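Step one of this worksheet: look at the structure below.
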Amino acid sequence: NSAEACDDFDDNIAELAEGADILLPGPDVQTPSPFQRYLLSINLKYGRNLVVRNRRSATSDPYVKFKLEGKQFYKSKVVYKDLNPRWNESFSHPLRDRDHDVELRVYDKNLTADDFMGSSTISLKDLELHKTHELELRLEDPKSKEDDMGVIAVEVRLLFRDATVKRGPRFRPKKKQQNQGPTPRTSDPLKNQLKNQMWTGVLHITLVEGQDLPQYGQGDVYVRFRLGDQKYKSKNLCIQPNPQWREQFDFNQFEDIQESLQVEVFSKRGRKGTESWGMFEVDVLRLPLNERQLYTHVLDPGKGKLVFLVTLRPCWGVSISDTDNPTLVNQDERDSVMERFSLKNTHQRLHEVGFLQVSVLKANDLPATDINGKSNPFCVIELGNCKLQTHTVNRTVNPEWNKTFTFPIKDIHDVVEVTVFDENGDRCPNLLGKIAIPLLTVQDGQQVCLLLKKEDLGRPSKGTITLVLEVIYNNRTPLFVQLSQRPVHFCVCVVVSRPVLAPTR
């Protein structure tokens, strides 16, 4: 269940990169606006020790309104008969500037006029951008004689909308600064460059359903997830009150990426374009390990809710090393892998299929892209949505990388893709050739020299690449691997029996 590419998402954002900074939800189509540069995300968590407004039952039925410049932009649900209510509602609102305070007003729900229970404010000027602030807002009412009206707990995050501008894949080289000489090829910067690629955790995401979505007109509804450069777009479902996606996918978590998981729901109605029904964020840095978190996020007013699950798991099996000392050559490390996938540990590793080691040795006779008849090749290795790359070897068409990469296997039917690029300064790298190897065809430990192909894998390119691959499977998968790699003949025996008739008298 790897994350699929979301090209249309990139195209929409690329249109804004030239001028405006944001995407604005609208009734017909998203249009850029130079005036609304911020996105305010609020998670209304709970209230504590709120005041009594229903004297008979000594309780209240509280709900919360959020206002900006006197205009209401969100209203929470009512929690009945509770002075310590829990809402756990999340919502977002675009902002033009940070010059105004957000007013939070709490009311007690009545059949006639609702009773005021206190108010507080959130100062936008005091919020640090791209940081989640946990606030306990003390409620006040100058007209009330009550000294303590309780508190409302919220999480607030202010995002500068430039964060949504399109960025290239992780393997694209960074732009060189002006008046800067060539980067020295010393061992320490090279090790840091390779180390920064590796992820430290895996976000396992399950998109469950929508609740109480509006059902007016015809069209589709879908969800987009984004974490750094990783994107996932759900299936398009017909607009209905309770669409069921039931989709699962993974995102990798990197140490150098401090961004939140962005989730946005869209509706699409033919030629009218795409309308955003709400965007919100999940702070992945605050997620506990190995604990499944249920999120029921409230979308824009009148648009319903979105339900999904997120589990952060520690990462295992990702490494980059030199080919003279690969992971599986070290007997202690090999024993550790075998022990992890032993029969006695199988029940603890149900989501782990196996372990892949790829040694990228060299390439020969690559296409030349420079006027001097040379190239600056580097190699990208992909397995599912996992991606690692070698360093760049400058001015050659016969590079030797001699690097070994290891990946955890999540799907027995995955394909290893190896792509050779030419580094092109601050421009998009040129593709020199590509190969694809299904895991089920890997011959362990054998050096193979393969012809490179074009990007579509249908036509030959120029040059070859030399690899060594090895796979270790979880002990619960070898039988399936054997059945998948060779034809199996079954002998079926059919027994036909006749009913026994009782003797006649």
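Backbone N, Cα and C define each Cβ position, glycine as well.
Annotated compositional bias 'Polar residues' per TrEMBL: 178-192, in sequence order. Residues annotated as domain 'C2' in TrEMBL: 21-137, 182-297, 335-452. Taken from TrEMBL, the feature region 'Disordered' covers 169-192.
Helix, strand and coil content of the domain 'C2' (21-137), in residues and according to DSSP, is 3 helix, 60 strand, 54 coil. Note on the domain 'C2' (182-297): mean pLDDT across this stretch is 82. When DSSP labels each residue, the domain 'C2' (182-297) comes out as 15 helix, 61 strand, 40 coil, counted as helix, strand and coil in that order.
In terms of DSSP helix, strand and coil, the domain 'C2' (335-452) has 15 helix, 55 strand, 48 coil.
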